[in-house]
Structure formats: C-alpha cells, structure tokens
C-alpha cells in the first residue's frame, strides 16, 4: 500500500503541470456550479417558506433534480448547451440544489415560534423578520446544506471527463483503462483533499458570518 | 380627552365556528395595571392580541388612546406598544444590548440615543450594563432573560405594555422577585399595563383592576379588594379559592391598617427594644434589627412576621424610623376598615 502511495506521488510530481491544469478545471467546475446553486437554492428556499404552494413546488423540483442521475442530466441538456464544460456545469448545478433548498427551508422554519411572535408583536414587518431574525438564525443550517452539496459535487465533477469537460476524472478514467493504479490514486486522493479543504474553508466562513455557533448547527447537516 | 388608554366595546371574536370572545366591554384607565385572569382557553390572551392587532375582532371596537385600532397601521401601532410574552422570545443571535435596542432601531433613533436608553433600562432591570450589554441570551438565567424581555418591551418608552404571562415560566422565587421589582418599576415609569395570567394570586398582587374571564366573557371587572369582598358569582368564588381571608390580607398594604398613634412612632430602628427571641426568617433586614415590616408590604407578610416573632405590636418602618405599629387585632378588624376605604 505504501508502495502504491509512493508511486502515486511520483506520478503526480512527474506530471505536475498536467495535474495543476486538471485540478484547476475541477475546481472551476465545482465553484461555478456551487455559486450558481447557492444563489438559486437559497432564494428558492426563502420563497418556499413564504407560501405553502411555492414550497410544494420548490421541494418537488428539488427532489426530482436529485433523483435524476448526473449523466442523464447531461444527456438531456447537451442538445441545447453542447457537450463539454457547459453541460457538465449544468448537471452539477442541478445536482447541488436540493441539499441547500431543504436546509434553507428547515433553517428558517425551525426558528423558535416565540421569537417570531415577539418580533411580530414588536412591530417588525415580514421582511424585517426574515432579514433580521430568521435568516441570521438559519445561517448554521443553510451552511450545513452548502457544505454537504459542495462535498458531493467535488465527487460528481469526476464524471465530467466523460463529456470532455476535464477535471481530475481524467487521470482516474485513464488509469482504469490502463490498469495504472498509481495514476488512479494520483487523480482520486487530491479530490478527497479538495473536498475536505473546501468543507473546512466553508466552516471558517460560517463562523465569521455567524456570532452564535452553538445553535442547531449539525442537526440538519446530515439530511 | 379620554382618560381611558384602552376601551373594549362589545367585542366578539370567532375562529371559524368557535366563539372565543363575546360581548367583552371594559375600559382600562391610563397609568394603571389591569390584569386579565381566567382558566386557559377563556379568551384572555385573545383579548390582549386584539390591542396590538395580532388578531382583529370579528365584531365590536377596540380603541387605543381613543382611536379605533383598525384605523391604525399595524406596524406603527405595535411599535408604540410594549410586548412581553411567556416564551420571552429573545433573539439568540443578538447581544442583550441589541435585543433591548430592537424597537428604537426600527424607529430609526440615532445610535447614541439607543445606547444610552439601553444602558438606562438594563440598570433599571438590575442588570448592570457593563456586565451584561455584550452577553448573548443563552448565557443568561431564565429570570435574567425575562428582565431583558421586559427591558426590550420598555425600550421605546411605550404608553402601553402588553404582558402575556410574563413570569409564567419562572420558578416561584424568581417570579416573586420579578413581580416585586416590576411593581416598583411601574411606579417609576407610570405606563398603562395590560397583564394576562392564569394565576389569581399574581392577578391580586399585580392588578389595580382585574377582569375575570369565564369561557369567552368577562364575568367580573373590579378592583382586587372588591372582587375578594363581593365575588360576582360562584365561578369567581371558586376561582379565588378557599383562603379568601388570607388573600384579602395579601392585597392590603400594612399602612392601611397600622396604628399611627403608638408610642413607638418616631423612634429609629436602632433604638427599638430587641425582641426576646430572634425569628430566623422574619422580614427583618440587616442582622440584629428586631422584626419589622415596611408600610408597602402586605398585611399577610405582617401576619406572618407577627406569628413568628414574639412581639405583640410589630413596628412598621420607613427609611429607618418607625411610622406605626400593627398587631393581630388590627389585622382582624381590617375588614371593616377596608370597607370604609372603599367608600371614600
């Protein structure tokens, strides 16, 4: 095993320029898809808490998007956006939505009812309650959703190579075809490290955004 | 200009088929505390919610400072009325200072004014600002949290406070302390208060007037003394409970029964003769002082101290000097005396 790790490290270092390119492609796919997903999913989650019918609609779309396999999404969208980076991005974006949507809804709806009643009784408008009370209190839960979907998408991005969108999947797929285990590991292990790093960075960002970290943090995280 | 802060006129409230309130009419005088009391589900909280328009009446009129609340915009109405609830509802992501400053911020006060108002209120609620300003609600005890809740409701200097079982979730000792403190504070702020509770003892203690609710209607609206003296019907009698005699003493301040001609009047506490044995739990403050009571304390407290101490005439002390004495006979005859007071 340690032998394999040494060989994998060797492979990585002797192809370092290619590695940097692949890592960059991988990272760009994940980041662009996540930023897009966060913007849309948090907005959709907020809208869903405003009205029951919107909520049903948002949640079913989210669920459907999650059950369709990423490859099927690519098959469905490539006639419109072509094969390559764009369709990979779209598939990953769709895939990232649900965890963020469900956690946004849960985070907002789990805010203590007495807190909302007090805010309302003091004369806050609905939008003031949302901005000043519900969203700040929901931050830990929303972030848990963002972290879950980010980690998931680092894995999903490995499939992008099948439609020529690059990323670390290149080495994994080539390695499988050539029975080159060090190459597979040189592609796979950096992905795991990337997932852990992004999760940690988001964790730090959350703590900076949020003064009270004890509240409900992990509860919905595994949802 | 009407002296009535709130007027309910023939108010009816239905939820679907259920009638929650029917024919509720009474007025709350400015600057007084009115307690709505009754068993749960009797409509007392609904009555309160009609005032700041968390609910709207099906029929009838609710007026605040002479104006039909239906004609006042909800948010500005609510910002002019303090609101305290049993679950307190502090904002856990904000500091104590930010919580207390909520309504002033909504009203766009400038920062300096908010700061000094927050400090003033925290000091009033016995939470030294230096120590508590920057704390988060989860770092406080239940009693401290409700103090912050009350301070928050008082922040924008409201003409009216709505308090919905504010002390209901606290342990009996904390509740008792907060009630006492709040009574003191109320004398300073002179705000009209509408107070909901299911606890008749709390109602008798806090209220200048009490509205007793049976299912959906007010069965008696009167002063605590009159309610104890003349319960309107069997329901009220049951609700007051069996120990009416003691409850009457509860609402009777010592100063109304004390003998102001006693020879002890005018002496200072330190000159008082020491009682034979020291009762351990007397109301005496300061070690070594003989048992005594303050004029504002209830006759019930005086009775308790009298029973525990060995003296026959209990000195009533204000600011360190005796202003009267009270003995068992005074308490026994208090009934007739209160009758006279009620007629005045």
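Heads up, the Cβ atoms here are built off N, Cα and C, so glycines get one too.
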Among A:70-95, A:96-121, TrEMBL lists transmembrane segment at A:70-95
Output the single range from A:70-95, A:158-178, A:184-205 maximising the number of Cβ pairs under 8 Å to the transmembrane segment (A:27-49). A:70-95
Tertiary contacts of the transmembrane segment (A:70-95) (same chain, 6+ residues out, Cβ under 8 Å): 29-30, 32-33, 36-37, 40, 149, 152-153, 156-157, 159-160, 162-166
